[in-house]
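Accompanying notes for the structure given below.
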Amino acid sequence: MWCASQSTLCLFSGDPTASDSSRSYQLWLGLMLALLSAVLIGGSVILKKKALLRLARNGHIRAGDGGHSYLKDWMWWGGLLTMGAGEACNFAAYMFAPATLVTPLGALSILISAVLSSYLLGELLNLLGKLGCLLSVLGSILLVIHAPQEQEVTSLQDMAIKLLEPGFLVYMGLVLVLCLILILYFCPRFGRSNILVYVGVCSLLGAFTVSSVKGLAIAMDTVFQDVSVLTNPLTWILLFTLIISIVTQVNYLNKSLDTFSTLLVYPVYYVFFTSVVLSTSIILFQEWSSMSAVDVVSTLGAFLVIMVGVAMLHLFRDLQVTWKQLTNQLSQPLEREGLREEILDKYGLMDNMVVESLPPMRDEGPRVFIIS
């Protein structure tokens, strides 16, 4: 059994002894790459949006109506190239930081695009949106502070060992079965009426995406020391899996955006996708095995804070709420209470005046009451 396992691993790694699991992450480098990725991706959304709005003002057919005039616009291409650079930085961040840190920080691109759109596109960012931005920043800070430090997967041999573990194989098998059930049964029947169907497919495929990206990042990190990783079958298996998963994700994400409101799609997609990535990280990379209980709880709490911030930023985007309106609303009960006391005092004074104006009643003699 041990020899068979070694033979399988040798297929994916030239030297079965070339494993080093004691190396630590270069956390700050990975963090800077993840933040740069968020800035570039968030800015790319603004560039493409400005290009599309300008083309619409000039009378060109809108992209939603089948127009492709944006392909001739330099600003749109600038946004596309900026997004490509952001995705490249995000890809590189997996070389130096754990998936539990890199993936949730992707929420900052949503925050940056929302803030920039309020200044550059004239879109309103209400009070709840600003509070959502603040929560996302606070959650990201907590995530950075409590991120795992020990690197569990440092070579393609380590990756092969993790991929062949029975627990991960069962997990990926269940994910694949759920994806097929959603695609073949639920999408044709309930895809246009339930937002969780299309988003569920995209989110579940995140398990294949993040594992492939992590493996390819390791291959790119070691290719300069060992060119033989390019001939390793695992490298090409991971690349093929990544391409298939990304193409399928983009397809069903576009269907979701075409069917449902963007204000609902992005927060729901972020929550489910990040949850799947965190689950995959726990099962495959075991990055949490070296973390204390406080760090684990803090990381989960940071993710929940970011989730609430993203939801507030998107779900209440069209709600016109300002700080002045909120303070006025809070002061209204006090004004009503003061008015009520004033009315009670007024009626109490009137009752006293009526009682005092009546003649005193005699203690003796019959009392006559007239009912009219």
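Glycine is no exception: its Cβ is also placed from the backbone N, Cα and C atoms.
Within the chain carrying the transmembrane segment (25-47), a Cβ under 8 angstroms from the stretch's Cβ atoms is held by residues 75-76, 78-80, 82-83, 85-87, 89-90, 92-98, 101-102, 105-106, 108-113, 116-117, 120-121, 144, 147-151, all 6 or more beyond its ends. If you look up TrEMBL, you'll see 25-47 (among others) marked as transmembrane segment.
For 74-96 (among others), the entry in TrEMBL reads transmembrane segment. With a cut-off of 8 Å between Cβ atoms, the residues of this chain six or more beyond the transmembrane segment (74-96) that come close are 25-27, 29-31, 33-34, 36-41, 43-52, 54, 102, 106, 109, 213-214, 216-218, 220-221.
Taken from TrEMBL, the feature transmembrane segment applies to 102-121 (among others).
Per TrEMBL, the feature transmembrane segment maps to 128-148 (among others).
According to TrEMBL, the feature transmembrane segment maps to 168-188 (among others). Within the chain, the transmembrane segment (168-188) has long-range Cβ neighbours (under 8 A, six or more residues past its boundaries) at 162, 194, 197-198, 200-201, 204-205, 207-208, 252, 276, 279-280, 283-284.
Per TrEMBL, transmembrane segment is recorded for 195-213 (among others). Same-chain residues lying 6 or more positions outside the transmembrane segment (195-213) and placing a CB less than 8 Å from one of its CB atoms are 91, 94, 99, 103, 163, 171-172, 175, 178-179, 182-183, 186-187, 238-239, 241-242, 244-246, 248-249, 252-253, 255-256, 259-260, 264-265, 268-269, 272-273, 275-277, 279-281, 284.
The transmembrane segment annotation in TrEMBL covers 233-252 (among others). Tertiary proximity for the transmembrane segment (233-252) is limited to same-chain residues at least six positions away from its ends with a CB under 8 Å from its CB atoms, namely 11-13, 156, 159-160, 163, 187, 198-199, 201-202, 205-206, 208-209, 211-213, 215-216, 219.
Residues or ranges marked as transmembrane segment in TrEMBL: 264-285 (among others).
Positions annotated as transmembrane segment by TrEMBL: 297-316 (among others).
Only residues 6 or more beyond the boundaries of the transmembrane segment (128-148), in the same chain, are considered here, and those with a CB under 8 A from a CB of the stretch are 25, 27, 31, 97-98, 100-101, 104-105, 107-108, 110-111, 114-115, 287-288, 290-291, 294-295, 298-299, 301-314, 316-317, 319, 321. Non-local neighbours of the transmembrane segment (297-316) in the same chain are 100, 104, 107, 110-111, 114, 126, 128-129, 131-143, 145-147, 262-264, 266-267, 270-271, 274, 278, 288, 291; each lies 6+ residues outside the stretch with a CB under 8 Å from one of its CB atoms.
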